Amino acid sequence: MALTLKLITLLRTVSSRCYSSPVLQHMKIASTNKFVAPVIDFAKQMEELPKLQENVRLRKMELDTDKLKSLWDLLKHMQATKTQLEQRKTEILDRMQDFKKIGKNAEAAEELAKLKLESKMVREDLKTLMTGFWEVEEKIMVSGLMIPNELHTDTPWTEDKVVHEFGRPPTVTDPVSHLDIGRSLGLIDYRDPSCFFLKNEAALFEVSSAFFFADALKKYDFMPFCNPDYARSSIVNGFGISSDQSDSVFTIKENIDKKNFNLHLVGGASIYPFCAFHTRQTVNFSSLPLKYFTVGRQYSPSSLDSKYGLYDTWQRTTNEIFILTANDTNEMMSVFQETLAMVISLYEKLNHHFRVVYLKASALESWESLRASFQMYSCHEGKYVEIGKLSISDSFICQRLLMTYQMSEKDRKRFMKMISGTAVDITKLLACLLEQRSNNADKFAMPDCLKSHWSV
């Protein structure tokens, strides 16, 4: 019992701080709340620790992999001790049954009393062990949710890679901010990142752009979808985003007693509601690939002191894409390339300079394996701005949110692969096009391909 006593003493020193994440299905027996039990292959991650550390380094993330490894080793040690205690508990019960069969005599009674005492000690040790076991396991799960996705082989390590370019960067002699242009033309009423209004041709541009991309997506067999503007913490946490990260998501109202039920304002045209629809759901293989799109609002926090105008607003109008494929890398890449080519063709119809860039590892979100970024040049800022994106997350999110498919009713469940992105961020696109107008233009020039959608 020396090993057990040593471990029990160690467990009593473990911090009693509460580590919890709504994405977890609570491990404790007393818990009645069930959410999502993410599938994270810790054994593989720890076996390939140098690979994980390189991934974290390239992404410039703050993740203590050594601490995670120590917790993992402790958990394995506790698991082994738990097995020993359970085996000893069974052995004691068997011996007690044997002595009961012998009958009542002094020697049997004395031995039975010793076994009862040892059984009580083992049960107490096991109870103490499991309390610590659940705590360490939960710490690992919470830290494990921060583990990033594996980098795709096409993801550049240190420098962005331009994979497509259309036209030449615009040249404007005296670049003016899109806000100044918008005000002078009566197109924009901007107060701060949380409040602005599009007027006249700018409002028409927003509507016509949305319908232009939506009509094209329907022709490419994308199904229109209507999403809620909100997502629960259980979904957001699956992306490695903590519920209290105020710089990543808006929290409607933090419920201290029921953090599992926190709501976040993310917008219907964002990835989270799509994932919420498929979380813990299984689809038939014959339905794949599933290709959705939606048009609507996307919400993300920024500083109220931001000076970037429409490039950094809390609310933006976007066309969002969401694709699920079978667990086949070749199929996933084929669909990714087809979708990428389709979106490129739509931007080319706008007849304005843009480029497509594979972003370097440090520019990716932790759940992204590869991102193709659609960028236009901001004449006033003197740099490229992302106006759309297409990302591969492979099966990373599907494993965390249990998004599966089956070949047949009796077949085992397999995790799907996911492609997602913003076909166009109309708010940012408008800002770029305003800054690219010639200095003497007295009105906003609507791209020809959008004019047929004015009356929609």
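Cβ atoms here come from the backbone N, Cα and C positions, even for glycine.
Please treat TrEMBL annotations as automatic predictions, because they have not gone through curation.
Residues or ranges marked as L-serine binding site in TrEMBL: ARG297, GLU320. Here TrEMBL flags 75-125 as coiled coil. As annotated by TrEMBL, domain 'Aminoacyl-transfer RNA synthetases class-II family profile' applies to 212-447. The feature signal peptide is assigned by TrEMBL to 1-16. Among the features that TrEMBL reports, site 'Important for serine binding' is placed at THR422.
Positions of the features from TrEMBL, shown on the structure.
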| residue | record | Cβ neighbours (10 Å) |
| --- | --- | --- |
| ARG297 | L-serine binding site | 17 |
| GLU320 | L-serine binding site | 25 |
| THR422 | site 'Important for serine binding' | 25 |
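According to its DSSP assignment, GLU320 (L-serine binding site) is in a strand. Mean model confidence for the coiled coil (75-125) is a pLDDT of 84. When the alpha carbons of THR422 (site 'Important for serine binding') and ARG297 (L-serine binding site) are compared, the span between them is 11 angstrom.
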